[in-house]
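J.: Annotations per Swiss-Prot:
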| type | residues | note |
| --- | --- | --- |
| BINDING | Asp31, Ala32, Glu33, Tyr34, Asp35, Ser80, Leu81, Glu120, Arg143, Glu180, Lys296, Lys320 | NAD(+) binding site |
| ACT_SITE | Lys122 | active site, N6-AMP-lysine intermediate |
| BINDING | Cys414, Cys417, Cys444, Cys450 | Zn(2+) binding site |
| DOMAIN | 701-784 | domain 'BRCT' |
Amino acid sequence: MNAESRIHALRAELDQHNYRYYVLDEPSVPDAEYDRLFNELKALEAEHPQLVTADSPTQRVGGAALAAFSQVRHEVPMLSLGNAFEEDDLRDFDRRVVEGLDLPGGDLFAAQAAVDYSCEPKLDGLAVSLLYRDGQLVQGATRGDGTTGEDISTNVRTVRNIPLKLQGEGWPAVLEVRGEVYMSKAGFDRLNAAQAEAGGKTFANPRNAAAGSLRQLDSKITASRPLEFCCYGVGQVSEPFGDSHIGILEKLKTWGLPISRELRHAAGIEECLAYYRDIGARRNDLPYEIDGVVFKVNSLASQRELGFRAREPRWAIAHKFPAMEELTEVLDVEFQVGRTGAVTPVARLKPVKVAGVMVSNATLHNMDEIARLGLRIGDTVIIRRAGDVIPQVMQVVLDRRPENARPVEVPTECPVCGSQVERTQLVKRSKGKETISEGAVYRCVGRLSCAAQLKQAIIHYVSRRAMDIDGLGEKSVEQLVDEGLIRSPADLYKLEFEQVVVLEGFAEVSSRKLLEAIEASKRPSLARFIYALGIPDVGEETAKVLARSLGSLARVQVALPQVLTYLPDIGLEVAHEIHNFFEDTHNREVIAQLLASGMQLQEEGELGAEFAASTTLAGMLAKLDIPSVGPTGAEKLVDKLGTLDKIIAADGIDLRQALNTKQAEGVREFFRDEANQLLARAIEAQLLDFGMHWSCEKRSAEGLPLAGQTWVLTGTLERMSRDVAKEQLERLGAKVAGSVSGKTHCVVAGPGAGSKLAKANELGVKVLDEEQFVAFMAEQGITL
């Protein structure tokens, strides 16, 4: 056998030993024999360097250090999971799944359907993506923000149980595998012992050790660390395989990818809870750290039907374990001032180690929480790291209270600016007029004249997901505020080179770059600008909803709270926060100053198609909380009377032609109140002013462009929801079905389309992708 043949044989044999050791947990040779084969291959490759390939087992040792990681955009976003902390949270998740799939159990008297779930431990490590092309590992990336991560390809190649090339056959030409890189408890102990012996820094816990090791610019350091990988799913694939989550993982295992040995199937939520309790009981005996378990709807078809909400799937949830707890002493309670002026208490603690991290501060949320706990300064308390991250005071140990323990007092003046601190009653708004007390918050009234509020407002405004002004970190913002150079976000656009260059940390080049970044920020998308304003309770996703649905800042500024509730995922409380923010004179002045600085908002335009299509006069009436009148009654009312004016003016005889006696009386009673009439007219007037229009005439399906045609929607549509696409197709006369048959006229297939697309191709049914569908609808006069 010549050298080339021997090298090929050794690689194949070592790959098989790796597969049996890391994936099957069935070592086939002693370690000494493996080492002998490995060293023989290493020696042969040294003699014949032209035969060295990237997928050789010897190429896991790491290469030259990088200056920095480059960015990688995830073709399919790496989404986070929703959390469940109590059994009731998990039961609520199961109920939402059952309702979302329209299974039995949605009403009070039906037996709850048992959904099939997959169950696996939630490893406490770092989420990564592995991209294989034609079976070869070509890229590794971190999760990052879910959309963009860091290219860690060189480092993931050093992780021993990540195959550099896939085993077997039948894998897709493009296969993105997702999973967790972690460090076992034993590996962590060995690493810390070695670090201590060498006089180096030890790590607080395995997760920090794994994350720090994987993100080393010098891959040789990564190669020396005991990292492991476990896959939990896939991202982009060139062709789908499997019809269940467990089926996909089992297939990945045959291709050499390690999956959890604790992977199980559960028939219904009770079996999920039993799995959670079992893993919890064995948690300390597992060879790795976990912080919960993950449950996923096993059927891929059901996953697609359930879809996503914001940045998390509706078909999966992480059931977290209770955080680890410790006793310590409250040395003092100090007050911090946040971006919105809220004055919040923070407990200063006698330092104590919790879950591997030294804790000296803990959140107390607000004074109501202090009252609930009965907390005094000097008390001994139980603290825990909520979600294993944020230290939180859970309970006061009263029998350890010292005689000199003193109550916590709210400052009457802001600890930062000296302005008055006011108590504001919080309310939880129902759909009607009633409010429910939700405690109180203390706020500094200094607004942007308070340095603490101003600093936090500017830090938020310049952040990467807001205006993305590079070069302005917290310390730089503090300097600008402390020097009196900025008193509102608008002052950023008045900064001059001479003012910046003299600041600590700035030189000529960095000063010019900062000013260039500030100038470049004058063309933000509408969503970024809304998010940057720092409206209470308005995060990145809500800002996108506002921008996408209302289409312009002018509409967002004047939108009534009731109109805002028509938007996806915006409830009445958040709607009032948005409305109140734009009603505030000071906020309007700051926005006017920003626009006057040369701000040019991008992506402004008409009302969003989804919002326009989903908002009807009947829908508006249903949201008014007219006694006894729900969506169906509202539809009947509009079908019979047609306009809001006629509905308001209708007498009992007119109303009873559309509704039953109780409903008719509810409508009359509601509109007897002049305030309700004014509210309804104001909402309608605003919607009409925004460009909405009510159509009272119903066309029959006959004569419509798609009359008699059956269409099917599959996959994920990115420019609209499937509900909107369905509604618009039905407007054109089509019937939208849930399955493909020989009678199907056309299938609209978005990313992730599976069995329905395959069936359409098999039957020769016409298929449109999303862009083609949008173009087709435009030809019919409908803009999506």
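Backbone N, Cα and C atoms are what each Cβ position is placed from, and that goes for glycine too.
Just tell me what is around each of these and how deep it sits.
T.: Summarising the environment of Leu81 (NAD(+) binding site), the number of other Cβ atoms within 10 Å of its Cβ, over all protein chains shown, is 17.
The DSSP secondary structure for Lys122 (active site, N6-AMP-lysine intermediate) is strand.
A coil conformation is recorded for Cys417 (Zn(2+) binding site) in the three-state DSSP classification, outside any helix or strand. Under 8 Å, Cβ to Cβ, and six or more positions away along its own chain, Cys417 (Zn(2+) binding site) finds Cys444, Gly446, Ser449, Cys450, Ala451, Ala452.
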J.: What other residues of this chain sit with their CB within 8 A of the center of the CB atoms of Cys414, Cys417, Cys444, Cys450, the recorded Zn(2+) site?
T.: Val337, Gly341, Pro415, Val416, Gly418, Ser419, Val421, Val445, Gly446, Ser449, Ala451, Ala452, Gln453
J.: Nearest to Cys414 (Zn(2+) binding site) in three-dimensional space, by Cα, is which of the recorded positions Glu33, Leu81, Lys122, Lys296?
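T.: Its closest listed neighbour, by Cα, is Leu81.
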J.: Within the chain of Arg143 (NAD(+) binding site), which residues six or more apart in sequence place their C-beta under 8 angstroms from its C-beta?
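T.: Listed in sequence order: Met78, Leu126, Ala127, Val128, Ser129, Gly149.
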J.: To see if you understand the setup: which same-chain residues, six or more apart in sequence, place their Cβ under 8 Å from that of Lys296 (NAD(+) binding site)?
T.: Tyr117, Ser118, His245, Gln303, Trp315, Ala316
J.: What residue among the binding-site residues Cys414, Cys444, Cys450 has the most other CB atoms lying within 10 A of its CB?
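T.: Its Cβ has the most other Cβ atoms within 10 Å: Cys444.
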J.: Could you work out which of the recorded positions (Glu33, Lys122) has its C-beta surrounded by the smallest number of other C-beta atoms within 10 A?
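T.: Minimum Cβ neighbour count within 10 Å, taken over the recorded positions Glu33, Lys122, occurs at Glu33.
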J.: According to DSSP, collapsed to three classes, what secondary structure does Glu33 (NAD(+) binding site) have?
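T.: Assignment for Glu33 (NAD(+) binding site) reads helix.
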